[in-house]
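What TrEMBL annotates here:
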{"type": "SIGNAL", "residues": "1-20", "note": "signal peptide"}
{"type": "TRANSMEM", "residues": "85-105", "note": "transmembrane segment"}
{"type": "TRANSMEM", "residues": "126-145", "note": "transmembrane segment"}
{"type": "TRANSMEM", "residues": "185-207", "note": "transmembrane segment"}
{"type": "TRANSMEM", "residues": "219-239", "note": "transmembrane segment"}
{"type": "TRANSMEM", "residues": "245-262", "note": "transmembrane segment"}
Amino acid sequence: MRRRLVLGVGTSAVAALAASAPPAVLQDGVATLFATAGAYALVRSFDMLTERRLLEKSLSRKIVHVLSGILFMASWPLYSNSTGARYFAAVVPFLNSMRLLTYGLRIYTDEALVKSVSREGKPEELLRGPLYYVLVLLFSVLVFWRESPIGIVSLSMMSGGDGFADIVGRRYGSVKLPFNEKKSWAGSISMFISGFMVSAIMLFYFSSFGYIHVSWEEAFGKLAFVALAATIVECIPVTDVVDDNISVPLATMLVAFLLFGSNTQ
């Protein structure tokens, strides 16, 4: 009986709090819970596939790389039109960054996570590429959000373009670039095509909700130029100095800003 009363009081308190919350806050809170659960489920699903050896570790890592950014952007329309909506959305990459820091610094261990998102299976690797990736998501949602094509295109190139470049390059990249033996023609061409296509799809997606206006006669040419710039940056042999998860989105943001400005035209 006592337990029922405690549960009853707790349930009533939560219900009262939810009823008193503004509709926008409630909507954004639910969207954040949904996006957080989805991000966790995505990584865990590929953890299991890697553990059971149903998927190669390198392929699993890159599929997570591709899907994480795209699905995170796809969740943005779930949020309200309030000024605080972006901060609710930012909770998702923030929590993921804390998770990577926790396991990367070996405060806690999660071998399945490390194997699915790192190259060599070392916890400290989480503090490099994977952490940079999540921080770029956090930066983009706070600075650009869904009303600017700059963040949308930069995340599309980082997730879709760079992700597919690695997947295709590992399998069909026997012919290497003359100035960078770690990169291949197949990977670079794949990055250009997939980055362009994902960017166009995501721009269409957000324009269909009315967040941005797209003049497609000009947008395709600009996207091709952005994709080319991002591909060139990804090809440059500086990965030992600057990670692709930093260089590609920053270069894309710069070129997209010069071409698109704050709104697609």
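A Cβ is built for glycine as well, from the same backbone N, Cα and C atoms used for every other residue.
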Contact call for the transmembrane segment (245-262) against the transmembrane segment (185-207), three or more Cβ pairs under 8 Å: no
Distal contacts, the transmembrane segment (219-239) - CB-CB under 8 A, six or more residues away: 153, 157, 161-162, 165, 177, 179-180, 182-183, 188, 191-193, 195-196, 199-200, 203, 247-248, 251-252, 255-256, 259-260, 264
